[in-house]
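Among the features that TrEMBL reports, S-adenosyl-L-methionine binding site is placed at Gln291, Phe324, Glu345, Asp393. Look at TrEMBL and you will find Cys420 tagged as active site. Look at TrEMBL and you will find Cys420 tagged as active site, nucleophile.
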Amino acid sequence: MKKGEIISLKIFGIDFPSKPYGYLENDERKCFANMNVVPGQTIKASIGKIKNNKIELRNIEIVDSDENVSIPFCKKFNTCGGCTFQYLNYEEQANLKAKFVYKLIENSIKNRAYITLPVVTMEKNKEYRNKMEFSFGNEFKDGPTILGLHKKNSFHDIVNVNECKLMDENFRNITKFTNYFFSSKNIPFYHRLTHIGFLRNLVIRKGEKTRELGVNIVTTSQGDFSIIEEYKNGLLKLDLNMELKSIIHTINDDKSDSVKADKEIILHGSRDIREKIFDLYFKISPYSFFQTNSFGIEKLYQQVIDNLIYITKEDEKPIVFDLFSGTGTIGQIVAKYSKEVYGIELIEEAVIKANENAVENGIKNAKFIAGDVFEKLKVLDDENIKPDIIIVDPPRSGIGEKTILKLVEYSIDNIIYVSCNPKTLADDLKIFEDNDYILKRLVCVDMFGYTPHLETVVLLSKI
């Protein structure tokens, strides 16, 4: 075997998060394909990097598929970096992602005496996204400006996704208009390497239940802003079935690729849109984190509520710490089951929104604090405020050992952990187990159909 050699291979399995592989005859090493393929498909490929424990394949071509392999519903499936599992039906992919979680956790902890609940799936597994963040760029070098998502395995090339089925018809109408408007006027996009150009990003958000839409067009300062005023007027003429509540122009001259504001101009309506979760309303600002599946949020947080009820004695209302609290969704949802809720979140704007939301929702027993979780826990210690139950919903990086060791100092009976990253969840569970907190209940919630992403809710109990 040598690099560049052409081989035929049947896909045997998929490793976390979405790495399909097969085996060559008389070779125990996994051969990984850098393409969205699944078991039941046969590929032709060239040998890429050869390592002691694995082989990387390139130039993948599908030559055969079993009858149980689904036909992708999107023409851009194997070029766009958004979806991963369109060759699997929804139930199969949800179970596959859950198995990733189970395997990672089993490989990390010793305890096996925990309950695994059935995977929670969504009735609506397409057109579910309430936020899409697009980039301006080109599909090939020196090509025309387009709006879209990054190509698979590419930081520079963009693919037009006007027909994306993870977003609804309103989003598709806005992206089609945006592509037409700016390409017809030959407005240049911002080049990452030269740092020259005008158009950077488009962010669309919606409140699924409030029927409110928000559009944020992000540019540099290197252009004629009157074109953005003309763009706004065009947006307002679109035939949409939701109210276009907010249009914002963000000016961002930072060299990094993240969406942030040097200056922000409200072109139309308000800065925020709102979403309703259960019986509560939440303001969502242009840059605040909010789960991207509005119907899925209720199913996810119902698991948190169920765990809270499961561990709380009848007629008892605990003091709850809601850590990494974001805009305060979890804290406000569990407030009616709690004596007091204290939320801690690093991002100050999110905390401002959390406290505003609490006031508007008439919640008087929840307080949200801005700052580092570890440091603010020490402040609450100084005020002699101690939790009965802790709920954590950290970013993809997880909780981390320093903060976990702080949590176990409280020596409370139960901790509820909401995770968006199975790998860091497994790492954190190992640290908890080493400090006498074991996994008791586990449930996976698949809110993000056709992608590799999955939420997990676990209950930890002190030995």
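In case you wondered, yes, glycine gets a Cβ from its N, Cα and C as well.
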Practice problem: Determine which residues of this chain, when Gln291, Phe324, Glu345, Asp393 are set aside, have a Cβ within 8 Å of the centroid of the S-adenosyl-L-methionine site's Cβ atoms, and list them as they appear in the sequence. | Solution: Phe289, Ser325, Gly326, Thr329, Ile330, Pro394, Pro395, Val418
Quiz item: What is the interatomic distance between the Cα atoms of Glu345 (S-adenosyl-L-methionine binding site) and Cys420 (active site), given in whole Å?
Solution: 17
Practice problem: Take the C-alpha atoms of Asp393 (S-adenosyl-L-methionine binding site) and the residue listed as 'active site' and report the distance between them in angstrom, rounded. | Solution: 8
Exercise. Could you state the whole-number distance in Å separating the C-alpha atoms of Gln291 (S-adenosyl-L-methionine binding site) and the residue listed as 'active site'?
Key: 10
Quiz item: Using Cα coordinates, what distance in whole Å links Phe324 (S-adenosyl-L-methionine binding site) and Cys420 (active site)?
Solution: 13
Exercise. List nothing but the one residue from Gln291, Phe324, Asp393, Cys420 whose Cβ has the fewest other Cβ atoms within 10 Å; the candidates are the recorded positions.
Key: Cys420
Quiz item: What number of additional C-beta atoms lies within 10 angstroms of the C-beta atom of Glu345 (S-adenosyl-L-methionine binding site)?
Solution: 29
Self-check item: Three-class DSSP secondary structure - Cys420 (active site)
Solution: coil
Quiz prompt | For Glu345 (S-adenosyl-L-methionine binding site), the three-state class that DSSP assigns | solution = strand
Practice problem: Using only the residues recorded as binding S-adenosyl-L-methionine (Gln291, Phe324, Glu345, Asp393), report the maximum Cα-Cα distance in Å, whole number please. | Solution: 15
